[in-house]
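Before any comments, here is the structure.
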Amino acid sequence: MTAPLLETRGLTMRFGGVVAVDAVDFTLEEGELRCLIGPNGAGKSTFFKVLTGQLLPSAGTVRYRGRDIAGAAPHAIARAGIGIKLQTPSVFNGLSIRENLWLAARRKNGAKRADAVVDGVLSLIALAGSTDRIVGTLAHGQRQWVEIGTVLAGEPDLILLDEPAAGMNHDEVGRTAEIVRAINRTTSLIVVEHDMAFIRMISDRITVFNRGSVLMEDRADAVMRDQRVRDVYLGKKAA
Amino acid sequence: MIRTVLSLRVTLLCALGAAVLAGLAPQFVDTFTLLQATVFVAMAVLALSLGFIWGFGGILSFGQAAFFGLGGYAYAVGAFNFTDSTVPVILSMLVPMLFAALLGYFMFYGRISNVYVGVITLTVTLILFNVVNSTAGDAYRIGSAALGGFNGIPSVPGITLPFTGYAFAPEDDWYLAAGCLIVVFVGLKLLLASHFGRVVVAIRENEVRASLLGYDPRLYKLLAFVVGGGIAGLAGCLYTLWGAFISPTIFGLATSAQIIIWVMIGGLGTLIGPVLGAVAIQVLVTEIGGQQLLDANFVLGAILLVFVLVLPAGVVPTVERGVAALWRRGRRGRPGPAEAPAAHPLPGKALS
Ligand SMILES: Nc1ncnc2c1ncn2[C@@H]1O[C@H](COP(=O)(O)OP(=O)(O)O)[C@@H](O)[C@H]1O
Ligand SMILES: [Mg+2]
């Protein structure tokens, strides 16, 4: 058996009295596509931020390919091969679509190869219109794709997507699911989403977060049948 | 990419034109005008140093006056101690660069927020003012150069070429200053078109995103800051050469404020803006100085106020945007995709 791609043990993130991530043991195998669900405030985004070095964990370890990366700087973790699309779009708003992708691709490639990588990603995310447009002028859904494209252009081995389909219409959600499946042919992914239709399209293994802990981990149909999961979501809605 | 290559060609052509003009200038203007133009051009180099780190790196430094002054003092001290000018000129850039590296390391690796970068750079400049101010007396000598405290260093030797021992005349100082401006301008253009420069701009746009792509923002900001320090130091060298004199007032609040005004009025996020801003404001201040009706500081303040309220982006970006809008209007209705030309990023970003 090979070592898992990513493994956290007792990973904890406290904000003062709030325990946003509470002793999480999480394992992701090479090549996997895992969905992460849970009500708002369950700690999914915080979990991602700890994994990518944006937050310093209060306790616990993060092993990526056997190497402990907990507490490393964001750029060092990115260089180790983890890419992330944040929940709130994080792009270079004043730069063109192509420049956004190029900056990602150029980091570990020469100029020529970077251009080729950018072209490849552009054809995958298939943005309509000119790639010289300034990203800040694009619609929300398009900017989400630019960010996904930028992450892809960095050619990471593990991609974290935080709510990639949020604010997208039905067609866009479908296209995003296609893109995610295409990415998964070569790359491991963890995807945070609320949209169950979207989750059914992309994944069969789901981890459910609630109040910072892992509530359960199973196949999509089993998770959706589970009474505890329903309670967690319905409880939130009633509140 | 095509746009970058094109704009590089245009820059090179313009630089060539500027070089020819600068070369011919002494034939057409009197010595007095040429001397004034020399100091204007030296200050334009100073404006470029801030135009680069603020407009492209997003680092609002109130400390360019510190590097400017250090460069001037380093040249002056060197000029008294070496027979030719090679070492003094190198020192005028090296000393401020080392100082910028030290200061920048504490600021950027200490994760100090942008607002405090402004405060710290300003404080350091004022501290330098006080330190240099108190160097009167024989105890403060570096080799054969006396620092002179508040009185500064008079009769700073001019440029002497190595080997030939040729000593510069006033026209030569003009050629040197104009040449430096052109070289710095083209050099910055090339730097901004390079991988390094594009990452610096990306970090201004979104530091978090840049780090999540694997770029260490601290390192890039530090390097940009050091480059800016070196350019300001060179400007200080040119300024000292021009007046054959340097004193601690160079570290004063007025210098720091002026540089920021030049850049703001000329336009953030461009290179030509700060150059034009520096020259225009200096011409204006000189004109006002020649009459009794209006006070120069009053006029400067009024101009600044008008710009902040009416043209916050500065002259060059506003004109560019206007031209772009006209161009779009001209193209509308024609077949083919009408795409928005690249607008300049909002300079307000750099402040936040
Ligand atoms: N920077 C922060 N400071 C304080 N509390 C935070 C911070 N970020 C997140 N939290 C808290 O941590 C909890 C988890 O938030 P988050 O990870 O965003 O949840 P999710 O992404 O699952 O909706 C919430 O209670 C939130 O208020
Ligand atoms: Mg979230």
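Here the Cβ of each residue, glycine as well, is placed from N, Cα and C on the backbone.
For reference, TrEMBL has these:
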TRANSMEM  B:32-53  transmembrane segment
TRANSMEM  B:65-83  transmembrane segment
TRANSMEM  B:89-108  transmembrane segment
TRANSMEM  B:115-132  transmembrane segment
TRANSMEM  B:174-201  transmembrane segment
TRANSMEM  B:222-247  transmembrane segment
TRANSMEM  B:259-285  transmembrane segment
TRANSMEM  B:297-319  transmembrane segment
REGION    B:332-352  region 'Disordered'
COMPBIAS  B:335-352  compositional bias 'Low complexity'
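Contact between the transmembrane segment (B:115-132) and the transmembrane segment (B:174-201) is not supported: fewer than 3 Cβ pairs lie under 8 Å, counting only residues 6 or more apart in sequence. Taking every listed stretch (B:32-53, B:174-201, B:222-247, B:259-285, B:297-319) in turn, the largest tally of C-beta pairs under 8 A with the transmembrane segment (B:89-108) is reached by B:222-247. If one looks beyond the transmembrane segment (B:259-285) by at least 6 residues along the same chain, the residues whose Cβ comes under 8 Å of a Cβ in the stretch are 39-41, 43-44, 46-48, 50-52, 54-56, 62, 64-65, 68, 181, 185, 188-189, 192, 296, 299-300, 303-304, 307-308, 313-318, 320, 344-345, 347, 350.
Residues 25-26, 59, 61, 64, 67-68, 170-171, 173-174, 177-178, 180-181, 184-185, 188, 224-225, 227-229, 231-232, 234-236, 238-239, 242-243, 259-260, 262-263, 266, 268, 270-271, 273-275, 277-279, 282-283, 286 of the same chain sit 6 or more residues outside the transmembrane segment (B:32-53) yet have a Cβ under 8 Å from a Cβ within it.
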